[in-house]
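K.L.:
The domain 'Major facilitator superfamily (MFS) profile' annotation in TrEMBL covers 3-396. Residues annotated as transmembrane segment in TrEMBL: 12-35, 41-64, 76-94, 100-122, 134-155, 161-180, 214-237, 249-268, 280-306, 312-330, 342-360, 372-391.
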Amino acid sequence: MRNTTAKAIGFNLLMVNSFVYIAFSVYAPFLTLYYTEKGLSAGQIGILSTIGPIMAIFIQPLWAMLSDKTGKRKDVLSLVVIGSGLSLFSYYLGSGFLTFFFATILLSIFVNSIIPLSDAIVIQDAKKHNLDFAKIRLGGTIGFAVMVAAAGSYLKRNPSIQFIFGFIAFMVLLLFIRILPKDNKKERQTLKARRFAIKLPKLNGLLHIFNTRLILFILAFALLSQIGISFYFSFMGVYVSELGFDQNILGLLNSVSAFSEIPVLIFINRILKRFGAMKIIIFSCMLLGIRMLLMASGFLSLLFFAQMFHGVTFMTIYFSCAVFISEHVLPEKQSQGQSTLAIVQAGIGSVIGNVAGGYLVDYLTVKTTFQLIAILILSMTTIIMVIQILYTKKMKTKAV
C-alpha cells in the first residue's frame, strides 16, 4: 500500500515539475525574438529582461515567506500559477514598448516564484517518500525539450499564440498542484502564531537560516554563473536573428540544450556523492565561460555545440545549489532557502547580466559581449575558487 502511494505521489510530483517547464518552454525562449520582430531595440529588450529579476528580488521573497509562515505551500503555489497564466493575456493589449513593460511587470509579480516554490514542495515531498529528485526533475527537462522544439516550429507562422499556449500549460500545472499531498499539519500549527508577521528580511537574516558559511561561496558562484546565463538566454534570440535565423532554429537550439540535461540528471546524484557540490559548481562555471566563447563564434554548428554544454553549465549548478540549500537550511525555512537562491540567481545575477549586457550590446555587439562575459566568468571563478580553498583550509586548521 505504501509503495503504491509513493508511486502515485512520485507521478504527481513528476507531472508538476514537467508542466512547470512545459509552461515556460512555449513562450519564455521566444520572447526576445518576439520583441525584436515588434521593432524593439537591444536596450529596450535589456530593460524588459531586467524587470523580472528586479521583481524577483523584492516580490518573490514575500511569496516565499507567505508560503513558509502560513504552511499553505500548495495554496500559495496555486495562486502564483493562476496569476502567471492570466498575466500572459496582457501581452495582447498592444505591440509597443510600454505595453510590454506593463505586461512584464504584471507577469513577473507571479511567475518568478513558481520554480522556488515548486522546488521547495517537490524536494521535500521527494525526501519524505524516498523518491529521487533527479528523476523527477527529468520530467521538466524532457517536457521542455520536446515542447520548445514543437513550439518553435509552430510559432514561426504565428508568434503571438505563444501566450495562449503558456496559459493552457499553466492551467494544466494548476490541476496537478491541487492533487498534491496536503500540507503538513504539524508544520502549519508551528507556524500559525507567525502567520501575519510577514516582513522582508535583511540579507544577513536570510543567511542565518543556513547552518554553514559555505553557503556564501555557493551563492557567489550561483551569482557569477547567472550573470552569464541570463545574458546568454536573454540575447540568444536577438543574436540568432542577427545571424539570419528564425524561431524554428531558436526552438531547435533550446531543445538541444534541454536534452543535454538528461545525462546530467541520470548521473548527478552519483557525481554529487563523489565530488561534492562545490567542486561540481566550480567546474561548471569554467565550462560556462568556454560555452559562451563557442556561442560568440557565430557559426551555426558551434551554436548547436555550445547548446550541448547546457547540461553541464546550467543543470549541474542549479541542481547542486538547490540540493545543497535543501540540506543546509532549517527545516521550516525550505521555501525561504530556495528563495534566497532565486534572489541571487533570478534576481541580482539576472539584473546584472541583462542591464550590463544590454548596455554593452548597444555600444558594442552581441558577439563581443559574449566574449567579454566569458572572460569575466573564467577570471572570477578562479578568484572565488582560490578564496574558497583558503577559507576551507583555515576552517580545518581551527577545527584541529
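Residue 1 is the first one shown; counting continues down the chain.
Just so you know, glycine gets a Cβ as well, placed from its N, Cα and C.
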K.L.:
Apart from its near flanks, which chain residues at least 6 from the ends of the transmembrane segment (249-268) lie with a Cβ under 8 angstroms of it?
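P.N.:
Hits for the transmembrane segment (249-268): 25, 29-30, 33, 134-135, 137-138, 141-142, 144-146, 148-153, 155, 236-237, 240, 300, 303-304, 307-312, 314-316, 319-320.
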K.L.:
Out of 12-35, 76-94, 161-180, 214-237, 312-330, which stretch touches the transmembrane segment (342-360) the most, going by CB pairs under 8 Å?
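P.N.:
Selected stretch: 214-237, with the most Cβ pairs under 8 Å.
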K.L.:
For the transmembrane segment (161-180), find every same-chain residue at least 6 residues outside the stretch whose CB is under 8 Å from a CB in it, and list them.
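P.N.:
Sequence-distant neighbours of the transmembrane segment (161-180): 12-13, 15-16, 19-20, 22-24, 26-27, 30-31, 34, 74, 77-78, 81-82, 84-86, 88-89, 91-92, 118, 121, 125, 147, 151, 154-155.
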K.L.:
What same-chain residues lie close to the transmembrane segment (372-391): Cβ under 8 Å, and 6 or more beyond its ends?
P.N.:
214, 217, 220-221, 224-225, 227-228, 231, 278, 282, 285-286, 288-290, 292-293, 296, 353, 357, 360, 364
K.L.:
Determine which residues of the chain contact the transmembrane segment (312-330) at the Cβ level, with the cut-off under 8 Å and only residues 6 or more beyond its ends counted.
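P.N.:
For the transmembrane segment (312-330), the far contacts come to 119, 123-124, 127, 133-134, 137, 141, 209-212, 214-215, 218, 221-222, 225, 229, 257, 260-261, 264-265, 268, 271-272, 277, 280-281, 283-285, 287-288, 291, 336-338, 340-341, 345.
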K.L.:
Taking the transmembrane segment (214-237) as the first stretch and the transmembrane segment (100-122) as the second, find out whether 3 or more Cβ pairs fall under 8 Å, excluding pairs closer than 6 in sequence.
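P.N.:
They are not in contact.
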